[in-house]
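Structure first, commentary second.
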Ligand code: UGA
Ligand code: MN
């Protein structure tokens, strides 16, 4: 009886092994996709766009080899690049501000961050930060002349101009790729929807800004799809009564107006935006975004000055920590 069972087992064994091997092979083979799967990425804002590869720690090249049957993300039909020019300066909250900003920008497809330090040289803190930020970026620096570092005078004029000069230089020989520029101060708060709105800018687009000008919000007033005035609590007589966070300009407009820059001479704080926009557009030409300028998608938040009253005069800790 025992030997019969044994012989049956040995007759069946090869068949059992064959079935196991076949099952195993089958589960390893990727099923040919019947219809291409939509490429889903939680990081893309430009509707289904692929996540931008990280500069470091991105997908390993070799790992993609031999996986050709996997559906590849469809190439984007030239999503305009958003260039964000951010002036920044050294202070206790700088790294915290830049961290918040990078966390937002990392979720926006096809964004190039132009970070301009108000400094005589690139700082180690910002260089290290950018290298690990996982964003396509350009790191510039230019110091604000001492005579302009006074309360009541406009800030970041030289830094924004350095960003503009870099953009013009970069695109001077090639035909301009579709692109949109906007000025992203390092302390504001930006919703992801804002980037979707500004991406379709043809010349100059505008939208409301929250928590600015002594009011809950300021906004361009729109009638029949055109800007006809400004809802603002401060100097409504400005030709463009808008904050730096309230507009975007197409790369084409920046390139075809090579002399348009932020000016020190004759410019008071709060007038920089208006003086700049006057050089490149007219009120009639403005493109209202954010549902005819009825939605706040960016806030002019300001970070409280940090209390360092208990900070020792000399370094007391056993380690040196970057904050
Ligand atoms: C308001 C406007 O929103 C700014 O766009 C404008 O530049 C500024 O006024 C002005 O007075 O010129 P506010 O919040 O008062 O903004 O200004 P900050 O946020 O202190 O500075 C604007 C940007 O310039 C920030 O990105 C900041 O990091 C940078 N900055 C500020 C410098 O690069 N250097 C400085 O010395 C000060
Ligand atoms: Mn600010």
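Note that Cβ sites are derived from N, Cα and C of the backbone, with glycine treated the same way.
Annotation source TrEMBL lists Mn(2+) binding site at 187. The local packing around residue 187 (Mn(2+) binding site), expressed as other Cβ atoms within 10 Å of its Cβ over all shown chains, amounts to 17.
Among the features that TrEMBL reports, N-linked glycosylation site is placed at 292. Mapped onto three states, the DSSP output places residue 292 (N-linked glycosylation site) in helix. Cβ contacts within 10 Å of residue 292 (N-linked glycosylation site), excluding its own Cβ and spanning all protein chains shown: 17.
The annotation region 'Disordered' is assigned in TrEMBL to 45-80.
In sequence order, 208, 209, 212, 230, 231, 232, 233, 241, 242, 243, 246 are the residues near residue 218 (site 'Interaction with galactose moiety of substrate glycoprotein'), counting only same-chain partners six or more apart with C-beta under 8 A. Per TrEMBL, site 'Interaction with galactose moiety of substrate glycoprotein' is recorded for 218 (among others).
What TrEMBL lists as site 'Interaction with galactose moiety of substrate glycoprotein' is 310 (among others). In sequence order, no residues are near residue 310 (site 'Interaction with galactose moiety of substrate glycoprotein'), counting only same-chain partners six or more apart with C-beta under 8 A.
When secondary structure is read from DSSP and collapsed to three states, residue 310 (site 'Interaction with galactose moiety of substrate glycoprotein') falls in the coil class. Between the CA atoms of residue 187 (Mn(2+) binding site) and residue 292 (N-linked glycosylation site) there is a gap of 26 Å, rounded to the nearest whole number. Checking the recorded positions 187, 218, 292, 310 against ligand 2, the ones whose Cβ sits under 6 Å from it are 187. For ligand 1, the neighbouring recorded positions among 187, 218, 292, 310 are 187, by Cβ distance under 6 Å.
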